[in-house]
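For reference, the structure discussed in these notes is given below.
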Amino acid sequence: MEVLTYLIPISLVLGGIGLGAFLYTVRSNQYDDPDGDAQRILSSEWDEHPKP
Amino acid sequence: MTAAMRPNVSACPACSAAPAAEALAEQEAQKEARLALSLPTIHCAACISAVERALVAEPGVKTARVNLTLKRATIEAEHDVTADDLVRVLDRIGYEAHELDAGTLSATATDKAGRDLLMRLAVAGFASMNVMLLSVSVWSGAEDATRDLFHWLSAAIALPTIVFSGKPFFTSAWGALKHKRLNMDVPIVLAIVLAVATSLWETTLSGDHAYFDAALTLVFFLLAGRYLDHRTRAVARSAAEELAALEVPRAIRIHDGEEETVQVSTLRVDDRVLVRPGGRLPVDGEIVEGQSELDRSLLTGETVPVFAEPGMAVSAGEVNLTGPLVVRATAVGEETSLHRMADLVAIAESGRSRYTSLADKAAQLYAPGVHILSALAFVGWYLYTFDVRTALNIAAAVLIITCPCALGLAVPAVTTAASGRLFRKGMLIKHSTALERLAQVDTVVFDKTGTLTAGTPELTNLGDFTRRELEIALALAAGSSHPLSQALVHAAQDAGIKPVPLGDLQEVPGYGTQGTLNGKLVRLGRAAWIGAQPLAQTSAFLSLEDGKSRAFTFKDTLREGAEDAVKALQENGKDVLLISGDSAGAVEALADRLGISKWVAEALPQDKAARVQALSAEGKHVLMVGDGLNDTAALAAAHVSISPASALDAARVASDIVLLGGDLSPIADALTIARSATKRIRENFRIATIYNIIAVPLAVAGLATPLIAALAMSSSSITVSLNALRLR
């Protein structure tokens, strides 16, 4: 059962990273234009950095 | 969505004419460096990059970003760049663009409430998944110290999450209790609090059962319902605002003999305002210069334009047709007749707030029932065992199992599905209970001008004229942008008529056009100008060299889908009425054409509202469809109301549903969809009740475990959501 002392914190941290990433995307307006983002990936133009 | 989102531009003269090009070129007062354009035709990656490239290439433009979801471009530019220049740039590369009023849009630039709900939902989702993981281990046999550790961990995750994610429910329940009412949130909050409290107590005593997972999943499912509900309304609100933003509130003021373009809100009484042909009057006032004709159909429903000359009083909202007018403002802003009409709406609207939604009705039955049941379980078990711990555990289990998880999803899941379906058909549901009210409708009242008719005339007696007469009439009509002239040009060109060359062709604003043919004067215009007897119908008169006059008569063109909509409604057994402010002849002709047997003509705005109220008093549920200012009071008084996108802002605000396309036929579909949506909502309530009937006896008998609670909750929520999806 000692393995639990590793596994539980690991599962919480991993879940927390997912939550943090989601909150970051919400805060930085990444869901404002889902249709546009789906189309922009097809465009060969880079609209923001990083430019290659 | 591409076609549906496009507002009827031709019927909105203000947006095509207000940013008059020359005036804007000289204008420097434009303060906003941020411009917004509506781009109804963009749809692909190539469109996005083409538009952005073209905009950024324009001197003075700093950044341009296209939002494909909203079909909108946001531009940051120097002060001297005007939206009109950019509209022309896009027009050159083949994209239709319209200016949006940044002031109207900025109000909802970021959807704060939606984002807040989404954050809480995300946190609740994260927490409930982790706690569920620990709970599954407990259910599958973790014992003693391990179980206690898992319970403590669950508590550590659950407590802060409940405080953060449950806040919308806590505030709502507290608000209801403060006003001594019960809403759905009161049992929810009680269940959550009781579940967490008893679970904590059990955990300290190393008990078997903790309901942390149940409390968290409950919050998660309910927040999901809340968020769906919010999304549906936010989409409707932003589309409605886009319509409002298309009418940029600008006017041309004449100051010391100079023309300047200003915001309508800065106009003062006694300012002189220039209104170009095609423009909408921004103020109430008196004409001081110019002659023209005014289209009052949005205010009164009359289709025949009225002659306008100096000294005449005019109201905001009328559309100038032929010649430029200078108006001295007598009332501006809130004082104009356009705004005073809003008072009528406010009075009529109080009647509508009496409608109780199905969800509220369910809550009124449900909340006291659940509380009584759980209290009885507590008292019963306490008397049986004299053990507060057992009794409290069972009371909490009863509350959790009956908790309206499915009920919280029952309504939003269905309305989201139904609103999405109607949105694709070009209808925007603005009010949250509009669908339920629409389902009850048994009487439909239509306005005529601008609603059933498109507001553009159509020539009826082309066959009565000789080819030569038509050739002259066409030549004269081509010299004017008056709607009747344009209709004549269309009809003649379709018949293959070529215009004869005329000399001295000129438009006499307010009267008509004239020219010379073989040295003799020929005219096309109003009856009084030609010297003919006016007719009851909408008509234009032609006088030739011989001095005799001939009348061209016109009828209104029907709006697309008007016939289908009326027929479908009548076939569904609805009572269809036509109430118009127009003259009896015109109304009767249209009623006959559409097969409407009950019609009322020359109705004043108060008459319309009174008639709708009288019908409601007879116990009918009235759907009002109208677009004009004269309809707003009736729209607000009706049980539910629909207005086309071309309607005045005031009318759109007063109605529950806005038709985005020009087509009327979705109205009949909307009634069908609304009825099936209401049926689904009722079914969902029934499903939720069945789950309760099965699970509650188990809980009361003390047989419910956290596993059973979790199963009952998840399966009922999922069944309800799936049932809602069947609507598609």
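Glycine is no exception: its Cβ is also placed from the backbone N, Cα and C atoms.
Per TrEMBL, the features are as follows:
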- B:33-98: domain 'HMA' (DOMAIN)
- B:117-137: transmembrane segment (TRANSMEM)
- B:149-170: transmembrane segment (TRANSMEM)
- B:182-203: transmembrane segment (TRANSMEM)
- B:209-228: transmembrane segment (TRANSMEM)
- B:365-384: transmembrane segment (TRANSMEM)
- B:390-418: transmembrane segment (TRANSMEM)
- B:689-713: transmembrane segment (TRANSMEM)
Same-chain residues near the transmembrane segment (B:689-713), Cβ under 8 Å, at least 6 residues beyond its ends:
132, 135, 139, 209-211, 213-214, 217-218, 221, 373, 377, 380-381, 390, 394, 397-398, 400-403, 405-406, 719
Tell me the residue counts in helix, strand and coil for the domain 'HMA' (B:33-98), as DSSP assigns them.
23 helix, 19 strand, 24 coil
Surrounding residues of the transmembrane segment (B:149-170) on its own chain - C-beta under 8 Å, 6+ positions past either end
117, 120-121, 123-124, 126-128, 130-131, 134-135, 137-138, 142, 185, 188-189, 192, 196, 199-200, 202-203, 210, 212-213, 215-216, 219-220, 222-223, 226
For the transmembrane segment (B:182-203), could you work out the same-chain residues 6 or more beyond its ends whose Cβ comes under 8 Å from its Cβ atoms?
148, 151-152, 154-155, 158-159, 162, 166, 169-170, 172-173, 176, 209-212, 214-215, 218-219, 222, 359-360, 362-364, 366-368, 370-371, 389, 392-393, 395-396, 399-400, 402-404, 407-408
Report, as numbers and ranges, which residues of the same chain sit near the transmembrane segment (B:390-418): CB under 8 Å and 6 or more residues beyond its ends.
184, 187-188, 190-191, 194-195, 197-199, 201-202, 209, 211, 214-215, 217-218, 221-222, 224-226, 228-229, 231-232, 357-359, 362-363, 366, 370, 373-375, 377-379, 381-382, 429, 432, 435, 673-674, 676-677, 680-681, 684-685, 687-688, 691-692, 695-696, 698-700, 702, 704, 708-709, 712-713, 716-717, 719-721, 723-725, 727-728
Average the per-residue pLDDT over the domain 'HMA' (B:33-98) and send me the rounded value.
83
